[in-house]
Amino acid sequence: MTDSDEDALKVDQGPSRDIPKPWVIPAPKGILQHIFGTSHVFQSICDVKPKVTGLTVPLKVREYYSRGQQCLEQADWETAVLLFSRALHLDPQLVDFYALRAEAYLQLCDFSSAAQNLRRAYSLQQDNCKHLERLTFVLYLQGQCLFEQCAFLDALNVFSHAAELQPEKPCFRYRCMACLLALKQHQACLTLITNELKQDTTNADVYIFRARLYNFLQKPHLCYRDLHSALLLNPKHPQARMLLQKMVAQAQQARQDAGILAVQGKLQHALQRINRAIENNPLDPSLFLFRGTMYRRLQEFDGAVEDFLKVLDMVTEDQEDMVRQAQRQLLLTYNDFAVHCYRQGAYQEGVLLLNKALRDEQQEKGLYINRGDCFFQLGNLAFAEADYQQALALSPQDEGANTRMGLLQEKMGFCEQRRKQFQKAENHFSTAIRHNPQKAQYYLYRAKSRQLLQNIFGARQDVATVLLLNPKQPKLSLLMTNLFPGMSVEEVLSTQIAHLARLQLEQMVEGSLQAGSPQGIVGMLKRHELERQKALALQHSWKQGEPLIATSEELKATPEIPQVKPGSSEGEAEAPEEEEEKEKEKKEEKKSELIPSKVASLSDSYLDQTSSASSMSFRTTGTSETEMSAICQEYRSTSATAVTFSDSSLLKTQSSDSGNNREALSHGPRKIKATQGQRQSLSKTEPTQSQRRNSSKTKATIHKRNSSKTKATQSQRRNSSKTRATQGQGQSSSKTEATQGQRQSSSEIEATQGPRQEPSKTKTTRSPRQRPRKVKAARGRSWRPSKVDATQGRSRGLLRSSTKTEAFYDSNWSLSKTEYAQGQGQRSSKAEGAQGKSQGMSSTSSKAESTWGPSPSLSKTEVDQDLTYYEAV
């Protein structure tokens, strides 16, 4: 625009401008009338004449309006602004010209001038909403331009002003949020978003916006909540899906970090990481399962139970593996919680927790064991026993359950002892031994109970077992003094009672090891290794001079009874030649068969009897009551000490004759020294008797008999002492016995038998395995007729086929004592009949002998051996 145009505009604007008039002192009223008087010529001077402008201004305004519209159409924005400005100078109340000039300023990107003109227009016409909408639009454009120019604070002010003008439009608030985020004023932005969501809860974008803000602020649980709300409003929202995948990836990463920390033992850090994973993905049940496990390991049981229950609520039907894992962890949590209560002394709470666990799982042995421990501490021994039994039913070889059952049975046995119920106490101690056979104190307690029950043999065997397990066991010396008077530990361990105790103990331990051995190749290798070790131990025992045990094949091949080796104190020494033959046979049998079947059967029968009975017997047929009474009567005549124990054991068990013989051995009489002198006086007579009996017919008869007892006497002939030699040659034919019977009167026999009822020092240490049946005949002087001897010969044949193992043990247990009985007790049938008449047998004794004679359990040699044993005692 040129200067001439401006001057013309100024000239045109002159008439419409209000020119201020100078202030003058107003003339007083009536001054003109006072001056001019009554003349009316100058009276019209005071009247103000109106200006005539109505025609000029509207014409100019119309001109500027038309010219400004043309400029807008021609995009001449500056000229339009000038024309509209001139028109507004002519008439400032023209609202439309403000709006038109604002459009021209808007096209010139002068948002401030445009907004100012629109405000002026809106202020003049507030009822016109178009001006307000246009104003807010201009402000939006202005704020957006400032935002793009990174003038975030100015943009925030502009958007805030627009939001104030039109609060119903959220777009201005959204732009304010963007400006606050750009200014890193997150809390202010979060507050603004929260206020926005209070007004409008149907916009998924707002939830996603706040979810992103929460994720940025490391508040994943709030982020996931807003994301979940956004997906509910719009399940296919792409931004929501992208954010969800991002959160799942963050959760998996946190889960891996937690696993690494848990393996390293940093449980607290692992718990923090798994918490972060759950916050990122709270719908994954595996994360709660992991966190519950961490809680359980940190002994935060309430949180663990809550997480596991939440897992069970979250899993679906197709997630069976997850359900099993959650249930398993829940059971372990209950169990660990119960253990924690147990350590704190809250046993009742522990029982309640384990009850919850056992309602869902009945196949877990640990739960029963722990509940049994709680019951044990509460004093409910019956419930504790039931739980331990259930645990053993699930796992019979569980070491912890067997140990606990042993302790429980021990305590129950003590309770029964206090109530004077010694039989029940013995049963409890036997149960404890069955569950823990290597615990020495259980055998000691059972020995005391058996001693009170007058089961002396069982008590001795338990004491021998204690010596094998723990010779330094407290309170053992008193029982040894009572049960093994005058014997040292080595002497007790060298007896056959100790040998049987060792066999039983080895069998029980071996049974437990075999039952607990693993299956498959590993178990087979372990069994082979155990067998090899047994073979080496057996070979070592032969080298050390322990008693040799014949196998079933040797017993069948030779009816003779093997002797005990020189290392043992129970039997006589063998000749060197036979000893070498025995060792060769043993080595050959060891290669083919590591464990003899006969010995195993013996130990089996022994185990069965000792578990419930008080005396052991390897015989199938026991003695009758008449035989027992006769034995006891003859034994009373020998020693008062032996009477007490023998009678008590017989009254208690009425068992086999071998058990009674053992009881009699340990409680020997005190008259040994007194009778040794008398025995020495008779030693000269014995060689002559034995030499006369040593004829060819004797050997023939011995081989015809083929009894195991006869070989025992043959082996004994090789002994060095004259007494043993004569005793070993004691078996002769019937003619030799008749000759001896004619040469010796009945009085001489009685005199010889009387002083020989007490053994020498060598015989006192020998085995107690004696047979009491024929003792009655020898001591009662009721010698049997020839028919009875024939019947006994037949019975020996039956005995060899059925009880070969019994004969084996009989020979090992009573050899030296048999020699004396064989040396003096062989008589012919005629001599026996004459002696029976001369001695005046009673009808009772003859009936007892006739009943006892055809018994298939004993041969004549066995009876003589038993007689020698009781004489020794």
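For all residues, glycine too, the Cβ spot is worked out from N, Cα and C.
Feature annotation from Swiss-Prot assigns region 'Disordered' to 1-20 (among others).
Residue counts for the repeat 'TPR 1' (61-94) under DSSP (helix as H, G, I; strand as E, B; rest coil) come to 27 helix, 0 strand, 7 coil. Look at Swiss-Prot and you will find 61-94 tagged as repeat 'TPR 1'.
Look at Swiss-Prot and you will find 96-128 tagged as repeat 'TPR 2'. In terms of DSSP secondary structure, the repeat 'TPR 2' (96-128) contains 26 helix, 0 strand, 7 coil.
Residues in the repeat 'TPR 3' (136-169) partition by DSSP class (helix H, G, I; strand E, B; coil) as 27 helix, 0 strand, 7 coil. If you look up Swiss-Prot, you'll see 136-169 marked as repeat 'TPR 3'.
Below 8 angstroms of C-beta separation, residues 219-221, 223-224, 290-291, 294-295, 297-298, 314 of the same chain, each at least six residues beyond the ends of the repeat 'TPR 4' (251-284), sit close to that stretch. According to Swiss-Prot, the repeat 'TPR 4' annotation covers 251-284.
What Swiss-Prot records for 285-318 is repeat 'TPR 5'. Within the chain, the repeat 'TPR 5' (285-318) has long-range Cβ neighbours (under 8 A, six or more residues past its boundaries) at 251, 255, 258-259, 262, 267-268, 270-271, 274-275, 277-278, 325-327, 329-330, 332-334, 336-337, 340.
Residue counts for the repeat 'TPR 6' (331-364) under DSSP, helix first, then strand, then coil, are 28 helix, 0 strand, 6 coil. Swiss-Prot lists 331-364 with the feature repeat 'TPR 6'.
Residue counts for the repeat 'TPR 7' (365-398) under DSSP, split into helix (H, G, I), strand (E, B) and coil, are 28 helix, 0 strand, 6 coil. The repeat 'TPR 7' annotation in Swiss-Prot covers 365-398.
Outside the repeat 'TPR 8' (406-439), and at least 6 residues removed from its termini, the chain residues within Cβ reach (under 8 Å) are 372, 376, 381, 384-385, 388, 392, 445-446, 449-450, 452-453, 455, 469, 505, 508-509, 512, 611-612. Taken from Swiss-Prot, the feature repeat 'TPR 8' applies to 406-439.
Under the heading region 'Disordered', Swiss-Prot lists 553-626 (among others).
According to Swiss-Prot, the feature compositional bias 'Acidic residues' maps to 571-582.
The compositional bias 'Basic and acidic residues' annotation in Swiss-Prot covers 583-593.
Among the features that Swiss-Prot reports, compositional bias 'Polar residues' is placed at 600-626 (among others).
What Swiss-Prot records for 639-873 (among others) is region 'Disordered'.
What Swiss-Prot lists as compositional bias 'Polar residues' is 639-663 (among others).
Taken from Swiss-Prot, the feature compositional bias 'Polar residues' applies to 675-693 (among others).
Residues 292, 296, 299, 301, 304-305, 308, 370-371, 373-375, 377-378, 394 of the same chain lie 6+ residues outside the repeat 'TPR 6' (331-364) yet bring a C-beta within less than 8 angstroms of a C-beta in it. Counting residues per DSSP class in helix, strand and coil order gives 27 helix, 0 strand, 7 coil for the repeat 'TPR 5' (285-318). With a cut-off of 8 Å between Cβ atoms, the residues of this chain six or more beyond the repeat 'TPR 7' (365-398) that come close are 331, 335, 338-339, 342, 347-348, 350-351, 354-355, 357-358, 404-405, 408-409, 411-412, 415, 435, 512, 515-516. In the predicted model, the repeat 'TPR 3' (136-169) has a mean pLDDT of 89.
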